[in-house]
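*Asks:* Per Swiss-Prot, the feature ATP binding site maps to G30, Q31, N32, A33, Q34, G35, K36, T37; the stated evidence is sequence analysis.
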Amino acid sequence: MWLKSLTLKHFRNYQDAEINFHSGLNIFLGQNAQGKTNILESIYFLALTRSHRTRSDKDFIHFQEKDLKVSGILEKKTGTIPLDIELTAKGRITKINHLKQNRLSDYIGAMNVVLFAPEDLQLIKGSPSLRRKFIDIELGQIKPIYLADLSNYNHVLKQRNSYLKNSQNIDENFLSVLDEQLIEYGCRVVKHRLDFLKKLEIFAQEKHLDISQKKETLTIDYLSSVPLQDIDSIEESFRLSLSKNRKRDLFKQNTGVGPHRDDIAFFINQMDANYGSQGQHRSVVLSLKLAEIKLIENITKESPILLLDDVMSELDNDRQLKLLETISQEIQTFITTTTLEHLKNLPKDIKIFEISNGNIK
């Protein structure tokens, strides 16, 4: 798939803009704070209805405006697909082929993107929430039912935590009803995640062996807050964990176990990658990003769109080369950069946009 054109109305520092893209490599060149990343963010937003930079919808909207609209024309093997997202006072409106989508899980997945930004380099040493977010975003694109199950789980979790925090007299029977709902959706979430990581690991191992010149083997472990000796007994294990933690939950007024507390661990030659070098961290993250591309291609039979937000300068020549090899394999790619000096071995057929104070040339 590739994004043929993008139209922005009241998005960040773009009052009105329309851009036609190359089906291969597109480079946004300009100094910092000119609007390069805003364009990548708008493409990411068009695909996933969210930003990789902020949680607040208000941050998207152009100064002194009250709404925004991002539209794109997507080319896929099945044909041309118009996509639209609007943010208004009434909320968020998503459309595919000009038809309104009632649920986010109906919209997300129409356009698949893989983002590689400097903050992704914190994936290894950063907080568990970063790694859970990584799973949620990538898995949600290729398995919409995961988003529905995760949304239901988070709804019950919020309800349970609110009840623990605000009720003067806890009804143990009502809490048990909430527990059963939490178990139902929580088990689905964990099973989706385990299946995803198993598939991702296969491609990531292959990429990491190539990057490390066959010196390092990468493995990925899912660290569950609920014991996972047997996937078939996960429901009973979750139920037992909630029962054991009930006194703790009542005292702390929150839920101590479940997929919202889970984590991922990465190992290089069976040693925790958290203790590896900065170069090894970069190799692991690069392997994961390249593996995401292969996994999405394998499942959807379409290439995702690759977004590289000022990340090339973070990679040495060897890692840049591995990334550029992927770009040359007919994957539409968007790169933001302040200079072309560190971009070597680029394909000849590219499109360069010069960005200055929100103006595109």
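Any Cβ shown, glycine's included, is placed from N, Cα and C.
Keep in mind that what you see is a predicted model, and the values were worked out from it rather than measured.
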*Asks:* Residues near the ATP site, G30, Q31, N32, A33, Q34, G35, K36, T37 excluded, by Cβ within 8 Å of the Cβ center?
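*Replies:* For the ATP site, the extra neighbours are T336, T338, I355.
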*Asks:* Within 10 Å of the Cβ of G30 (ATP binding site), how many other Cβ atoms can be counted across all chains shown?
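*Replies:* I count 20 other Cβ atoms within 10 Å of it.
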*Asks:* Looking only at Q31, Q34, T37, the binding-site residues on record, which one has the least crowded Cβ, with the fewest other Cβ atoms within 10 Å?
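*Replies:* Per-residue Cβ counts within 10 Å for the binding-site residues Q31, Q34, T37 bottom out at Q31.
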*Asks:* Around K36 (ATP binding site), how many other CB atoms lie within 10 A of its CB?
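*Replies:* By my count, 26.
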*Asks:* Quick one: what's DSSP say for A33 (ATP binding site), helix, strand or coil?
*Replies:* coil
*Asks:* Far apart in sequence but close in space: which same-chain residues, 6 or more away, have a Cβ under 8 Å from G35 (ATP binding site)?
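*Replies:* G35 (ATP binding site) has long-range Cβ partners R12, N13, Y14, I355, N357, G358.
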*Asks:* Let me know how many other Cβ atoms fall within 10 Å of the Cβ of N32 (ATP binding site).
*Replies:* 9
